[in-house]
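**Q** Straight from Swiss-Prot, here's the annotation block:
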- Ser171: active site, nucleophile (ACT_SITE)
- Asp195: active site, charge relay system (ACT_SITE)
- His276: active site, charge relay system (ACT_SITE)
- Lys327, Met328, Arg329, Lys330, Lys331, Arg332, Asn333, Ser334, Lys335, Met336, Tyr337, Leu338, Lys339: heparin binding site (BINDING)
- Cys66-Cys79: disulfide bond (DISULFID)
- Cys254-Cys274: disulfide bond (DISULFID)
- Cys299-Cys318: disulfide bond (DISULFID)
- Cys310-Cys313: disulfide bond (DISULFID)
- Cys465-Cys485: disulfide bond (DISULFID)
- 349-484: domain 'PLAT' (DOMAIN)
- Asn67: N-linked glycosylation site (CARBOHYD)
- Asn82: N-linked glycosylation site (CARBOHYD)
- Asn395: N-linked glycosylation site (CARBOHYD)
- 1-23: signal peptide (SIGNAL)
Amino acid sequence: MRDPVFLLGFWSLYCCFPAGSLTTLRPQGSLRDEHHKPTGVPVTITTKPSVTFNIRTSKDPEHEGCNLSLGDSKLLENCGFNMTAKTFFIIHGWTMSGMFESWLHKLVSALQTREKEANVVVVDWLPLAHQLYIDAVSNTRVVGRRVAGMLNWLQEKGEFSLGDVHLIGYSLGAHVAGYAGNFVKGTVGRITGLDPAGPMFEGVDINRRLSPDDADFVDVLHTYTLSFGLSIGIRMPVGHIDIYPNGGDFQPGCGFNDVMGSFAYGTISEMVKCEHERAVHLFVDSLVNQDKPSFAFQCTDPNRFKRGICLSCRKNRCNNIGYNAKKMRKKRNSKMYLKTRAGMPFRVYHYQLKVHMFSYKNSGDIQPDLYITLYGSNADSQNLPLEIVEKIELNATNTFLVYTEEYLGDLFKIRLTWEGVSSSWYNLWNEFRSYLSQPSSPSRELHIRRIRVKSGETQRKVAFCVQDPMKNSISPGQELWFYKCQNDCRVKN
């Protein structure tokens, strides 16, 4: 994926085949039909696929580790495999370089640091992944069967438990993990899908992709689900919980604001790599920054989350992300969302704002440019924009989502600012228009008496009242100050 033609490789799936032909290029054969062979797809699979299981015994990325061999119990002992410990299998994805990427060594090191007694095994299927994408997709099923074979052999040792197995798959590797979980005799404890690949997996049968049936607990991070009409990561939910950081598309720090520049200078592949690989770094972050866990919140769609509607933790509606995710098994997939920083630690602090706006005059279809500053006992926020996902409803309560990169502590006051031309100049312009017998523009004045704030991380709710009840109006170029309401500091909203 370091190669500059990474994105072009995906685009070739769409530009080089007739419309609709991709449906015939999906992974062939049911997982439960062991003897079915793909037809109509060029597959470069040898009789004995090149898949190795390398147990990492050192944090040094230059250390080669020790290769396990199915059926060789003596080698298992010599490699220091602990039959009663947790066992992690890390499964990489498609590769254009034929080499491991730097993220793999970081993930190995983070797991070894967090779980010192655990077995960390790298599933090396580079010879089968270093192919045309459509061939690598076909090979995922074969690799999944090899992983299942290794797990079945380990189970024969008696002390080894599938419940202690955690398969971690990135991109195509996530679907390899799904195949392994489906083929194995018994149920794997957990599978984590790190931005599972989308092309040729989107919308297919559950037996041909990662699904909740593949392990006792399947959690998924989606970080690159949509870009220019092509989703490199899978959009659809495929686990018990599916987490979409920043909506699951453009990730902070990955060059979204300079997309055209990326095209111009040939660095689009780096932007793609950043977005797609962000899932891995979020997982690593959850291992190394235990004191700064990131929380995700259940929501039906990203727009509702952007509006700040979904910050409830009742009935398991919020969860940690990454390694610390709590097991949730429901009949339906739980889609969850959160905001993040551009780098480690990725944690931010979410706030829901409920603002009742009303007007004594006809304000028409008004879209104010509002900013808010939160003042806390630990720190003050920056001037935060209130994103208007849908139009402002007058004489009604409007909900917003804001987030900060640092912990503010207990909030004690709020400043609300309406950016733009001051009201005096606006009124002067209206009078001039009236003099010329032109219809007046709608009044640009809002009245706000109270703001209710809820912290997503602490679930605490506080009400803030305008400083002077008689001065609750705000127009462009003005600001309003709010302080904790004397009689209603803690609210139920």
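Each residue, glycine too, has its Cβ placed from N, Cα and C.
Fair warning: this is a prediction, and the values are worked out from it, not measured in the lab.
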**Q** Find, among the disulfide-bonded residues listed as Cys66, Cys274, Cys299, Cys313, Cys485, the one whose Cβ has the highest number of other Cβ atoms within 10 Å in the structure shown.
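**A** Top count of Cβ atoms within 10 Å goes to Cys299.
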**Q** Taking the Cβ of Ser171 (active site, nucleophile) as the centre, count every other Cβ atom within 10 Å, in any protein chain shown.
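**A** Its Cβ shell of radius 10 Å holds 29 other Cβ atoms.
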**Q** Tell me the Cα distance separating Asp195 (active site, charge relay system) from His276 (active site, charge relay system), rounded to the nearest angstrom.
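**A** About 6 Å separate the Cα atoms of these two residues.
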**Q** Using C-alpha atoms, which one of the recorded positions Ser171, Lys335, Lys339 comes nearest to Cys485 (disulfide bond)?
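**A** Given the candidates Ser171, Lys335, Lys339, the nearest one is Lys339.
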**Q** Restricting the comparison to the recorded positions Ser171, Asp195, Lys327, Asn333, Lys335, which residue's C-alpha is spatially nearest the C-alpha of Cys299 (disulfide bond)?
**A** Lys335
**Q** Cα-Cα, whole number of Å: Asn333 (heparin binding site) versus Cys274 (disulfide bond)?
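**A** About 27 Å separates the two Cα atoms.
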**Q** Are there residues of the same chain, six or more positions away from Asn67 (N-linked glycosylation site), whose CB falls under 8 angstroms from its CB, and which are they?
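**A** Spatial neighbours, sequence-distant, of Asn67 (N-linked glycosylation site): Thr52, Phe53, Asn54, Ile55, Leu75, Cys79.
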**Q** For the domain 'PLAT' (349-484), provide the mean pLDDT of the predicted model.
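**A** In the predicted model, the domain 'PLAT' (349-484) has a mean pLDDT of 85.
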**Q** Give the distance between the Cα atoms of Cys274 (disulfide bond) and Asp195 (active site, charge relay system), rounded to the nearest whole Å.
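**A** About 12 Å separates the two Cα atoms.
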**Q** At a 10 Å cut-off from the C-beta of Cys310 (disulfide bond), count the other C-beta atoms across all protein chains.
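**A** Counting Cβ neighbours of Cys310 (disulfide bond) within 10 Å gives 25.
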**Q** Long-range same-chain neighbours of Tyr337 (heparin binding site), Cβ under 8 Å, sequence gap at least 6?
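**A** Once residues fewer than 6 apart are set aside, Tyr337 (heparin binding site) is near Ile243, Tyr244, Pro245, Gly247, Gly248, Ala296, Phe297, Cys299, Pro302, Phe305, Cys310.
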**Q** Measuring Cα to Cα, how far is Cys465 (disulfide bond) from Ser171 (active site, nucleophile) in Å?
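**A** Cα-Cα distance, Cys465 (disulfide bond) to Ser171 (active site, nucleophile): 49 Å.
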**Q** Could you tally the C-beta atoms, other than its own, that fall within 10 angstroms of the C-beta of Lys327 (heparin binding site)?
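**A** Excluding its own Cβ, the number within 10 Å is 12.
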**Q** Based on Cα distances to the residue listed as 'active site, nucleophile', point out the closest of the recorded positions Cys66, Asn82, Asp195, Lys339, Asn395.
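**A** Going through Cys66, Asn82, Asp195, Lys339, Asn395 one by one, the closest to the residue listed as 'active site, nucleophile' is Asp195.
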**Q** Here's one to test understanding: among the recorded positions Asp195, Lys327, Lys335, Lys339, whose C-alpha is closest in space to the C-alpha of Asn82 (N-linked glycosylation site)?
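**A** Of the recorded positions Asp195, Lys327, Lys335, Lys339, Lys327 has its Cα closest to that of Asn82 (N-linked glycosylation site).
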**Q** Given the recorded positions Asp195, Lys327, Lys335, Lys339, which one's Cα is the least distant from that of Asn395 (N-linked glycosylation site)?
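**A** The smallest Cα gap between Asn395 (N-linked glycosylation site) and any of the recorded positions is with Lys339.
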